[in-house]
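This is the structure, below, for whatever I ask next.
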């Protein structure tokens, strides 16, 4: 069996993939966010939400559904350099969050800031440790820049990363947030080694 065939066999047999499709979500990432939401009460926050790296829109779908079910009218703005199919109740910005024009557009749609930032700006690890360190530092810098600009006091930032990068990013965030927790759940396959950082401000 070739590498692609092996991946496909794992993919279709994955219980999280089956569950996500049964719920009508675009990918298995919905299951991961649902677990994190159950653990940390993310969607129970009475606040606007900013989502970074939103394409293909799985987290946006989950946010939209949970907000509709709860009757919340808070705004959700998602940003990505890649195009994304429209999600009901979510305002999408096709742009780079590190660019001034995109930041200005986010500000115009979320003038009062947000209480929750969800981030999936997570480039895959490089086999070159030096290059990977640079990429990790850039991600941490971007998260801090966006948090300082938009995150309200007491707000939370949830960032998806890889285990190999989690400690580095957490060490940076701990200097700027009152609490930082690293979480990894059963829906992260071992060869992916995904981890999630929950950073909460004062």
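Every residue gets a Cβ built from N, Cα and C, even glycine.
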Out of 48, 96, 132, which does Swiss-Prot tie to the same S-adenosyl-L-methionine site as 57, 59, 80, 120?
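Of 48, 96, 132, 96 joins 57, 59, 80, 120 in the S-adenosyl-L-methionine site that Swiss-Prot records.
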Specify the secondary structure state of residue 57 (S-adenosyl-L-methionine binding site) as given by DSSP, simplified to three classes.
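Reduced to three states, the DSSP call for residue 57 (S-adenosyl-L-methionine binding site) is coil.
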Would you list, in sequence order, the binding-site residues among 57, 59, 80, 120 whose CA lies within 10 Å of the CA of residue 160 (active site, proton acceptor)?
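Final answer, ordered: 120.
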Can you check which residue among the binding-site residues 96, 120 has the largest number of Cβ atoms within 10 Å of its own?
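Of the binding-site residues 96, 120, the highest Cβ count within 10 Å belongs to 120.
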Largest pairwise Cα distance, Å, within the listed S-adenosyl-L-methionine binders 57, 59, 80, 96, 120?
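Value for the max Cα separation, rounded to a whole number: 18 Å.
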